[in-house]
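Undergrad: Take a look at what Swiss-Prot says about it:
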type: ACT_SITE; residues: LYS115; note: active site, N6-AMP-lysine intermediate
type: BINDING; residues: ASP35, GLN36, GLN37, TYR38, ASP39, SER84, LEU85, GLU113, ARG136, GLU170, LYS285, LYS309; note: NAD(+) binding site
type: BINDING; residues: CYS403, CYS406, CYS421, CYS426; note: Zn(2+) binding site
type: DOMAIN; residues: 588-671; note: domain 'BRCT'
Amino acid sequence: MQNFDLIKQKIKSLVKQLTKANYQYYNLSNPDLSDQQYDALLKELINLETRYPQFKLPYSPTLKIGGFVEKKFSTIKHKTPMMSLGNVFNLEEIKAFYDRIVKKIPTFSLLTELKIDGVAISLKYQKGILVQALTRGNGIWGEDITKNAQTIKTIPLRLKEDLDLEVRGEIYLSHPAFEKLNAQRKQENKPLFSNPRNAASGTLRQLNSAIVAQRNLSIFVYGISDPYLTKPTQKETLVFLTALGFTTNPHYYCVSNFENLLSVIEKYKTIKEQLTYDTDGIVIKINELAFHSLIGATAKAPRWATAYKFATITSQSIVQNIIFQVGRTGVITPVCKIMPVMVDGSLVSKVVLHNYDYICKKDIRIKDHVIVHKAGSVIPEILEVIKSKRTDLQKPTLMIEKCPACQTILEKQPGEVDYFCLNPNCREQKIQKLIHFVSKNAMDINVLGEQTIIAFFDKNLIAKPSDLYLLKKHKHILQEMPGFGAKKITNILDAIEASKQKGFEDVLFALGIKHIGKKVSQVLAKHFQTIENLQQATPELITQIREIGIKIAQSIQQYFSNSCNLEEVSKLKTLGVSFQSTNPQNPTTQTIFTNKKIVLTGTLQKYSRLQIQQILEQMGAIITNSLSLQNNYLIVGINAGSKLTKAQKLQIPIIEEKELQQIIENSQIKL
């Protein structure tokens with residue numbers, strides 16, 4: 001006979017352990033259980049809840065797994081309206097906001113918080129248990145997304161106190177999670193999300209909560225909507241929320257005058273560049289909550305708070321032409337030629353438009369007036385079309401039917417957004433493949449620029465990568481070409497010869513296999529070690545690698561099923577190009593860095609960032625970009641940034657270059 005009391009107690013115990021582990025991992029970045037221990041406990045809890053569903057707790061961590069499918073979202077009225085904030089865009093407007101408060105309240109303080117670029121949400125708890133989650137909606141009515149919210153790992157299902165309260169927060173998608181999601185969607189041939197906010201919004205509205213669980217959404221909670229539970233100040237409220245188990249944003253400051261406020265705003269400009277999530281401004285609010293009612297609100301927004309929006313550096317230009325280019329894989333990419341304009345410190349004259357669907361979505365036309373900015377402060381992008389300036393002269397952009405280089409009819413696979421030229425003899429594709437082969441992240445033959453490649457191609461000296469390694473046989477032809485002196489020819493031939501020593505991961509990337517980027521080539525080279533192993537691998541075997549999906553596996557199979565590709569690989573091997581990994585997959589020599597998580601910051605004098613990363617990985621290290629308590633070491637060079645300060649606060653061991661060099665020299669790893 002089963003003892004149900006013991007079963008109930010066991011379930012409660014497992015829930016308590018797993019809830020604590022989740023909080024340690026996702027909120028404090030300080031796990032107290034290994035992955036194996038956590039998985040074992042979770043599996044045990046799932047088994048017990050499956051056998052005894054009557055004992056499943058409403059705040060069980062198994063809810064984080066998802067799997068509930070809604071038919072549609074119901075609409076529920078907010079207990080307290082979710083008001084939007086007014087905006088200010090410059091220091092004069094901030095001063096006006098400040099002065100309006102001073103007229104009514106001579107003595108007060110302000111609290112500044114980051115304005116997270118995400119999706120506003122309201123969370124309702126009864127006796128400390130999450131019972132409802134609503135989107136902002138129109139501020140009065142919101143959609144019930146409770147099942148989805150339960151899967152978000154940084155939303156506590158049970159608070160540390162049994163309170164009835166409603167909190168407000170912002171759901172967001174971090175940059176790493178966004179990049180991973182889009183990489184997966186690209187692999188699955190699905191439309192990419194344009195930015196993390198859109199991805200977060202689209203994810204929250206998924207009817208299947210299992211999809212939400214997979215996308216690693218996060219939350220920052222910033223306020224309590226129940227007046228009787230709030231603390232005297234906003235600062236104390238944030239501390240209280242953190243104590244209850246919520247994740248609050250750490251970047252808040254309390255200031256007592258306008259001069260201090262300006263200093264803090266300057267500080268945020270530095271902070272913003274180091275964040276792993278999007279923020280579009282600063283929220284400035286009166287810190288003392290009792291003063292909020294004195295200042296009041298308009299019908300749309302409170303007067304006691306405002307949002308200072310970070311300036312987006314944009315410029316206006318005119319679309320002069322839209323051309324279509326063919327790449328090394330045959331993909332057709334539209335490029336927008338615009339009237340040259342300065343954007344964020346550099347002259348921009350063209351903008352890549354990704355694909356024809358992108359053109360249609362933004363309705364970009366020749367002679368349109370457009371607003372241009374730099375996405376991620378790097379890549380020029382058309383932010384929007386100024387349709388108020390459009391006339392009858394602007395006609396919809398039509399997709400071309402033939403390859404712009406070889407006039408082959410273009411093809412588009414069902415469900416794909418890209419058009420392709422499938423002609424293997426397309427001149428432009430061949431040139432682009434050669435340019436890719438010699439590029440920095442591939443074979444790194446930097447003396448061969450684009451114009452040199454084209455000149456050699458037009459002279460029938462090269463048509464495929466293996467021809468580069470036969471150029472020395474045509475030295476007499478090179479000597480007759482204008483601009484190619486003896487020294488230049490020697491430099492070219494020496495650089496080509498030196499490239500034979502490049503590692504397997506570089507050569508694999510240089511081959512230009514569809515969907516095989518630099519990171520994927522590193523993963524494949526590390527796993528398979530040789531080109532022969534990769535050739536013989538089935539898609540089923542390849543997809544057993546965690547980072548590799550079926551689309552990449554099929555692309556590899558298709559590449560090695562082509563006799564021309566096999567012949568080219570064979571020629572390259574015969575000519576001395578290495579197709580074997582220089583780094584052993586599992587180094588037997590243990591080092592101080594074996595299985596240790598390491599972050600790099602600053603500039604090393606002896607090594608480039610790529611070189612030291614490869615050395616550390618060969619010594620068994622795991623290189624990460626962001627710094628947290630999970631990291632074992634921080635390696636610092638000159639001009640180290642804020643990561644050094646953070647590591648000191650977190651008491652993470654710091655290794656300087658001199659000490660690092662001694663560790664490398666004392667290791668038994670062959671470099």
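In case you wondered, yes, glycine gets a Cβ from its N, Cα and C as well.
On a predicted model such as this, the values are computed, not experimentally measured, just so you know.
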Undergrad: Taking 8 Å from the centroid of the Cβ atoms of CYS403, CYS406, CYS421, CYS426 as the cut-off, which other residues in that chain fall inside it around the Zn(2+) site?
TA: VAL326, GLY330, LYS402, PRO404, ALA405, GLN407, THR408, ASN423, ARG427, GLU428, GLN429
Undergrad: Tell me the Cβ neighbour count for LYS115 (active site, N6-AMP-lysine intermediate), meaning other Cβ atoms within 10 Å of its Cβ, over all protein chains shown.
TA: 23
Undergrad: At the level of the C-alpha atoms, what whole-angstrom distance separates GLN37 (NAD(+) binding site) and the residue listed as 'active site, N6-AMP-lysine intermediate'?
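TA: Pair distance, Cα basis, whole Å: 37 Å.
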Undergrad: What does the DSSP secondary structure composition of the domain 'BRCT' (588-671) look like, as residue counts for helix, strand and coil?
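TA: The composition, in the requested order, is 29 helix, 16 strand, 39 coil.
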Undergrad: In Å, rounded, how far does the Cα of CYS426 (Zn(2+) binding site) sit from the Cα of LYS115 (active site, N6-AMP-lysine intermediate)?
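TA: Between the Cα atoms of CYS426 (Zn(2+) binding site) and LYS115 (active site, N6-AMP-lysine intermediate), the distance comes to 50 Å.
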Undergrad: Rounded to a whole angstrom, what is the C-alpha distance between ASP39 (NAD(+) binding site) and CYS403 (Zn(2+) binding site)?
TA: 52
Undergrad: Where ARG136 (NAD(+) binding site) and LYS115 (active site, N6-AMP-lysine intermediate) are concerned, what is their Cα separation in Å, rounded?
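TA: With the alpha carbons as reference points, the distance is 16 Å.
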Undergrad: Have a look at the binding-site residues (LEU85, CYS403, CYS406, CYS421) and report the one with the fewest Cβ neighbours inside 10 Å.
TA: CYS406
Undergrad: Name, in the order they occur in the sequence, the residues of the same chain whose CB lies under 8 A from the CB of LYS285 (NAD(+) binding site) and which sit 6 or more residues away.
TA: LEU110, LEU111, GLU113, GLN234, PRO302, TRP304, ALA305, THR306
Undergrad: Can you tell me which of the recorded positions LYS115, CYS403, CYS406, CYS421 is spatially closest to LEU85 (NAD(+) binding site)? Compare CA atoms only.
TA: LYS115
Undergrad: At the Cα level, what's the spacing in Å between CYS403 (Zn(2+) binding site) and LYS115 (active site, N6-AMP-lysine intermediate), rounded?
TA: 46
Undergrad: GLN37 (NAD(+) binding site) has how many other Cβ neighbours within 10 Å of its own Cβ?
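TA: A count of 13.
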Undergrad: What is the separation, in Å, between the Cα atoms of CYS406 (Zn(2+) binding site) and the residue listed as 'active site, N6-AMP-lysine intermediate'?
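TA: Rounded to the nearest whole number, the Cα-Cα distance is 50 Å.
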